[in-house]
Amino acid sequence: PFGTCMLLSTFELLELRLKDGAHRCEGRVEVKHQGEWGTVEDMDWSLEDASVVCRQLGCGAAIGFPRAAYFGPGLGPIWLSYTSCEGVESTVSDCRHSNIKDYRNDSSSHDWDARVVCSGFVRLAGGDGPCSGRVEVHSGEAWIPVSDGNFTLPTAQVICAELGCGKAVSVLGHELFRESDGQVWAEEFRCEGEEPELWVCPRVPCPGGTCQHSGAAQVVCSAYSEVRLMTNGSSHCEGQVEMNISGRWRVLCASPWSLANANVVCRQLGCGVAISTLRGPHLVEGGDQILTSFLWSCPVTALGGPDCSHGNTASVICSGNQTQVLPQSGSAASVESAPTAQQTAPPGGRGGPCAGRVEILDQGSWGTICDDGWDLDDARVVCRQLGCGEALNATGSAHFGAGSGPIWLDDVNCTGKESHVWRCPSRGWGRTAADTRRTREFLALRMVSEDQQCAVFYNGTWGSVCRSPMEDITVSVICRQLGCGDSGTLNSSVGLREGSRPRWVDGILCRKTDTSLWQCPSDPWNYTSCSPKEEAYILCAGSRQLRLVDGGGPCAGRVEILNQGSWGTICDYSWNMKDAHVVCRQLGCGEALDATRSSSFGAGSGPIWLDNVKCTGKESHVWRCPSRGWGKHYCDHSEDAGVICSGFVRLAGGDGPCSGRVEVHSGEAWIPVSDGNFTLPTAQVICAELGCGKAVSVLGQVPFRESDGRVWAEEFRCEGEEPKLWWCPRVPCPGGTCHHSGAVQVACSVYTNVRLLTNGSSQCEGQVEINIFGRWRALCASHWSLANANVVCRQLGCGVAISTPNGAEGSDQLWKARFHCSGTESFLWKCPVTALGVPDCSHGNTAAVICSGNQTQVLPQCDHFVSEPAGSAASEESAPYCSDSRQLRLVDGGGPCAGRVEILDQGSWGTICDDGWDLDDARVVCRQLGCGEALNATGCAHFGAGSGPIWLDDLNCAGNESQVWTCPSRGWGQHDCRHKEDAGVICSEFLALRMVSEDQQCAGWLEVFYNGTWGSVCRSPMDDVTMSIICRQLGCGDSGSLNTSVGLREGSRPRWVDLIQCRKTDTSLWQCPSGPWKYSSCSPKEEAYISCAGRRPKRCPTAAPCTDREKLRLRGGDSECSGRVEVWHSGSWGTVCDDSWSLAEAEVVCQQLGCGQALEAVQAATFGPGNGSIWLDEVQCGGRESSLWDCAAEPWGQSDCKHEEDAGVRCSGVRTTLPPTTAALSSYEDALAEAVYEELDFVLTQKEGLGSPNRTDVPAENYDDAEEVPVPGTPPTSQGSEEEVLPEKGDGMRSSQTGSCLNFSREAADPGEGEESLWLLQGKKGDAGYDDVELSALGTSPVTFL
């Protein structure tokens, strides 16, 4: 069949074709085997393979092989899995290739079908465009000119049709061959004119292999080759003007049709001269003087032409006789024959027919007009006569260059109404001279700046060009017209252009036959044809372009430069951060983070353009840096240079990369953006660019940091759809200073869009669905609560939640994240979220909500004072249709599943007294909050004393109630307690995080606390994002890495969780999706050991003594310069007794810590009692010692004190230099750390018969208590300290082993401002690997939930 070639295989004779391209010489590569067409896989497909395909098909040179099934995936078999050509073979069968079989059975896919784009067999070169020039054909190796010997018009017609260039209008010979040609095509083509391609035309070899010729054949094609005059459907020498445009006859618009144009039509049709255009008198103006014989030889403009009114068609009445001579018309000038006027192009050859020096043809000679008296009235006549619109300027002094020949007119004095310039009064014909003007219809084209912004001159003003829907042909025409090569591309990644200007024209659609932009059809001229963001920015083949490839985004990857139409790389020799800085700034990608070498982003292809680049860092373009020279190198692609940039925008100072202060990079530094006129659409663009979901909050009035120095001097005016902030419109602030009340902050979230669906329609009841990164996902019903449902109803404007029925049929892909709303939040994204360890959701177990449906609807209040009977199975799913305003939460425990129990009622949060508080009560709280099983019921304000009302006392739950306030109690608000007796709980879903190392801070084995037990974390498939979140959560910097070279860890422990895959939007590890909790989630060799950016030796490791300052710290105060005095000795922290403690000792402590002067020497454990050893007693200083170690004291560890006598200080100033710490701990945290494991063990094994053989209410089998899985460093219960708090139930009172709760104030127990009061530490102070400073990140806010 046509378009195929035979491919000789070692197995059989195959056919080859290109399929689904725009023509025979491009498309998907297919071969025929056993009567069936199949594809070729593009494994290692190269330009050499493509070249052989093009040669075999007679399709010229290979000019591309686009990737990823560019021409669409094929159908049927995949016959070849690879070919390996050298590029010189005649057919693909000569290349090495795979066996022929159907490789679909080997997991191959049509997504990787090979594709080829060939140049074609013939081209026209050296002309004004692809549709005119020297005829050349491709031999398979090179382009060779065709001689003009016996070259015929039918052959030219075939060429024009094949190239999509209309019809041949000219065949010229005698063009001398270029010296570089070397050879001439040795065949003559004998086309008949109907062939679809030159390739199939008959050919005759030239005698002796040498064709007779006088030069190369030249062909000119045109879309304006056929014209006719139609009257009542028949063609005559008068009538409506019609042209054949691409095979379709089109009527020509009469505006601005002229008698000069009509004369050409009459001449071309052999109809004599034009008598009239049916719009004026039957007069001929110099009909026998017209030089142009064909309409296609006339200049043409289509750009910006307005739509033609219906019926306004061009018409002509021709004389009908080529030899007919009509009488000359009268003239105000005494002339023997009427002249013809024209304009010459401005210097440089880029003008047009509507601007230039005025010239008149008379008596066979072109002459000019002198500028004496030349003004706009004279220019108006010229512009009107030439059909060039209004006159904009009348120039003199040879503005467009000096002419030659006669000066026909001088002292021209037109009124502006004349039809011809030579009819105006003047000095007389031939006695003077003339010059010019500029007209409204004059057009010019330019690129603005070296970066190629396209602009057009129209109506006397330069304005931009709109980019929609520019195609490759249009860009090619523009670049060729500007002398910038034969091709180009639209660049849509540039930022918005500054300033304002007309945006003159849109909808440009050039054709291959158009030789300039002016001939291209478009929308009409309009001052505002498009929005500013649609202005065209063009990169021609003659310009250079920069990009980063294979780095996962536009601001990271292998550095590549487009030059001479080819993308190439930079060699990494001497490549450094200064070079990377130039690249990042040139691309608008912020600061350089890394300059990579050795093809870290993969090896490139094509040329290596630059080598030995040595930028200073100040250059505007990387190719302006000193180098070895363009295209000169001693490298291969294994040495390609790369760059990692920060990006143009970031969110700083928040919980992670997806919230915080908006900052943009100037190329030199990060600069905050003011909140003046900052809009939500701008925030949406930032969140999308950072991969952070959608903007949920825009806050202003955040004070600028003192170090900021300046504010970004522009306002961003994003519309919300831009892919990058860099592209958004910007408005300079007046005077360079933006109006603001502070920096702007943005918070992004993936949990922004929620809906309720019933049978596919969104209502105020139905299945809960969340839009996660553009995809709607049904939510799992596990742990879905009425509090969560209330937030959803409120967010959707659907009132309050009535019930949460579950079990609806839903998607197989259920979103299993768990929300922990208190019920008072306005939006679901404000609720704490956990995803870590959450098990897969069973099919159909989708969360659902029934909302009241009316925001103003008032439901009856639930009766909280009716206790549920013991043993009832009440649940939220059967909740009554009533309004429950009460909410429950846990506070100061480090997460939503541990802490002091608090209830919201009547607008106030209050607590529960610990009288009678036990595990049954705790079970109700944990279940109500969706926090799993109760592990501990704490009393004595274990999590710190609360404030406000004490709502409940003497609680006596059965354990199966749905809400804690429905349990029997003394009565609402009735109690005899103080806040030192506040109750708390620890649930199995409580999570904590730490690193375990003997000698490192911010590095070690990663462990998570789950179900009451510390266990390790598995390392697969942790990536950089996950690492960053872990390190940030622990206060150890913004990045980290897995260390796989450490040996196997000793001992055994749970390996709780695997397959952690955090997203940039996650602010803590708890939000990251993972595999479900499992006691043995991986093998011991897969436990994660992480090193964070903040890694450093422990402050006081036993192997390396630290400075005196590092051996001293203050804890429990309201600042870093006040608190209980603690010293490091013998591998652990201890306190100082207040015996003899005075201002002199306090002064030494304050000075040693760099905290200024001592204000007070504090005694009697004012900052709370410490724990561990009391290292010093009877300290006596003079006040001038440099260190507390220089003062007299009892021997280390010898004292007769208790921790109720711990000494403290208050200093005057903020600490000047702090030793690096992971976080600060409160005295309360320290005090409770000793007791937590003993208490858990005691509670789980002793209280209410736990651990006894007859126990029936043990937790699920995969819940392991602290005794079953011992944590390294945890002492046995018999070694509990005297401060240990052990609850018991009987008389309703709480008591420790010493008989009472630790009695210290909330103020003393609370940490400093900004810290969380956490109860959990990672082992006893003296245990190796559990230094509390290194592991105290639980005291920082990133570890807590939101």
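Just so you know, glycine gets a Cβ as well, placed from its N, Cα and C.
What TrEMBL records for 16-119 (among others) is domain 'SRCR'. In the predicted model, the domain 'SRCR' (16-119) shows an average pLDDT of 84.
Sequence annotations record features per position, and here TrEMBL assigns domain 'SRCR' to 122-222 (among others).
All protein chains included, C191 (disulfide bond) registers 21 other Cβ atoms within 10 Å of its own Cβ. What TrEMBL lists as disulfide bond is C191-C201 (among others).
What TrEMBL lists as domain 'SRCR' is 227-319 (among others).
Annotation comment: TrEMBL describes 329-344 (among others) as compositional bias 'Polar residues'.
Per TrEMBL, the feature region 'Disordered' maps to 329-352 (among others).
TrEMBL lists 348-467 (among others) with the feature domain 'SRCR'.
Among the features that TrEMBL reports, disulfide bond is placed at C414-C424 (among others).
The feature domain 'SRCR' is assigned by TrEMBL to 463-541 (among others).
Other Cβ atoms within 10 Å of the Cβ of C466 (disulfide bond) number 23 in total over all chains. Residues or ranges marked as disulfide bond by TrEMBL: C466-C530 (among others).
Look at TrEMBL and you will find C510-C520 (among others) tagged as disulfide bond. Taking Cβ-Cβ distances under 8 Å and a sequence gap of 6 or more within the same chain, the neighbours of C510 (disulfide bond) are E471, I473, T474, S476, V477, L517, Q519, C520, P521.
For 546-646 (among others), the entry in TrEMBL reads domain 'SRCR'.
What TrEMBL lists as disulfide bond is C584-C645 (among others). Just so you know, the Cβ of C645 (disulfide bond) picks up 26 other Cβ atoms within 10 Å once every protein chain is counted.
According to TrEMBL, the feature disulfide bond maps to C615-C625 (among others).
What TrEMBL lists as domain 'SRCR' is 649-749 (among others).
The Cβ of C718 (disulfide bond) has 23 other Cβ atoms within 10 Å, all protein chains considered. Under the heading disulfide bond, TrEMBL lists C718-C728 (among others).
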Proximal residue to C466 (disulfide bond) among disulfide-bonded residues C414, C615, C645, C821 (C-alpha distance): C645
Distance, C530 (disulfide bond) to C728 (disulfide bond) (CA atoms, angstrom): 15
Shortest C-alpha distance to C584 (disulfide bond) - which of the disulfide-bonded residues C414, C424, C530, C625, C1211: C625
DSSP helix/strand/coil residue counts for the domain 'SRCR' (888-988): 16 helix, 35 strand, 50 coil
Which of 16-119, 463-541, 888-988 contacts the domain 'SRCR' (649-749) most, counting Cβ pairs under 8 Å: 463-541
Rounded distance in angstrom between the Cα atoms of C615 (disulfide bond) and C645 (disulfide bond): 16
Cβ neighbour count (within 10 Å, all chains shown) around C584 (disulfide bond): 28
Paired segments the domain 'SRCR' (463-541) and the domain 'SRCR' (122-222) in contact, 3+ CB pairs under 8 A: yes
C1150 (disulfide bond), number of other Cβ atoms within 10 Å: 24
Site of maximum Cβ density within 10 Å, from disulfide-bonded residues C201, C520, C1082: C520
Distance [Cα-Cα, Å, rounded] between C821 (disulfide bond) and C625 (disulfide bond): 57
Residue among disulfide-bonded residues C414, C645, C913, C1150, C1211 with Cα closest to the Cα of C201 (disulfide bond): C645
